[in-house]
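What follows is a set of notes on a single structure, which appears directly below.
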Amino acid sequence: METLLEQQRRLHEERERLVKLMVDEHATKKPGEKERIHSEHRLKYLMELHHNSTSQLRDLYEDKDNERKAEIAALSGPNEFNEFYARLKQIKQFYKSHPAEVSVPLSVEFDEMIRVYNNPDDMSALVEFTDEEGGGRYLDLNECYELYLNLRSVEKLDYITYLMSFDHVFDIPRERKNREYRIYIETLNDYLHHFILRIQPLLDLEGELLKVELDFQRQWLMGTFPGFSIKETESALANTGAHLDLSAFSSWEELASLGLDRLKSALVALGLKCGGTLEERAQRLFSTKGKSTLDPALMAKKPSAKTASAQSREHERHKEIAQLEALLYKYADLLSEQRAATKENVQRKQARTGGERDDSDVEASESDNEDDPDADDVPYNPKNLPLGWDGKPIPYWLYKLHGLNISYNCEICGNFTYKGPKAFQRHFAEWRHAHGMRCLGIPNTAHFANVTQIEDAITLWEKLKSQKQSERWVADQEEEFEDSLGNVVNRKTFEDLKRQGLL
């Protein structure tokens, strides 16, 4: 039985006690990863309680029904003593009719909350991990891996390779991304999303995903999203069409050297029929050279409303799948450390015999049950050396031997820094560098090995294109003819002599 003013006082006290608990929790040293995760879950729970108390307090201060205003007026009026004794009488009557009712102060409630926090068994209900996840240190993607193996027309990988490449979905052609593929991506995203919430409860994941959504919409409108860009495949080029400058060609035979796909793309761009043999396509395209109007007989039929509707549905389906892939890229980036640790853990388990794995599991369970305060201490690492498979810093001589003290910066990868020459050389074949080259419109071939600057890559690509253009077969200069006397001349000279009647 509380008045509005008493409720406000109680909520203010509750907020102050919650703030004190959060400060104490934040200042407490966390000896290991398990304690850190539990501490962040406790902080999140306290923040939610603080938010709820603040919302209730704000509603009371808004006083939409004017009850608070009326209560203050009654206490501050001329009959304040009569009001006081009337309320005291109500309180006595309430406890007389409810003798078992006990008012528990907030201090007792918070003491009980602190006792629960200090008991690990009671706090284990806040977050749970499987045995494979190792208390939040490793990923358990076995179920997702089984779904991946059941996908048709995808490369079959072992589990370790899958761990390091499950986000390389841009390498899968869009034609193979069917309903089963979408179920696989949704399952993988659900697991990664839930895992991030368990190991990083204080992370503003909704804000991160909102940024991903905005960035995806921008890339989709520009046609640059990985795996779905306009320049991604020849089929996409053929479907959208690309204009071709015919001024550089003097005959349809020269156009035929471009191939079926390029001719089809040019015909689609002009709205012409794109079927037929190579010669028919080349002749049809060459017949439009220098003409301002096109022959209606050469025009392609407009797609029906049914076909347009099917294309629209297919476009929306591709967009939904691409949106799921954008989330997958973000999840993989947030879990990069756990991903690398999972690979090392799986490799270490595969290198052991069955008996050694059982002994290791027993030792791990015993170490978790021990109360050694130094067991999970953060290792002494003043030089910020990388951690080995045992979770301890590697020796400094090994750090220098592998050249990990040398940093390599790659502008094509978005100014990403690689530690050591081995990681630097390996990254040219990895997804980050390949995606950067794809955004530049340059194939990631051996010609561009060790090229890290965007300007250098573009310059080299222009040079390679000019060399390829110079090596291109030119019929007028390289096609040879022989006259009746056995003289061998090129095509252009032969036609000039023929027109002049000198043959």
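A Cβ is built for glycine as well, from the same backbone N, Cα and C atoms used for every other residue.
Computed from a predicted structure; not experimentally measured.
The candidates are Ser312, Ser365, Ser466; Swiss-Prot tags Ser365 with the feature phosphoserine. Swiss-Prot assigns the feature zinc finger to one of the listed ranges (120-151, 216-247, 408-439), namely 408-439. Taking Swiss-Prot as the reference, the stretch among 10-31, 296-317, 472-493 described by the feature region 'Disordered' is residues 296-317. Record check of Ser53, Ser360, Ser470 in Swiss-Prot: the feature phosphoserine is attached to Ser360. Checking Ser39, Ser292, Ser367 against Swiss-Prot, you find phosphoserine recorded for Ser367.
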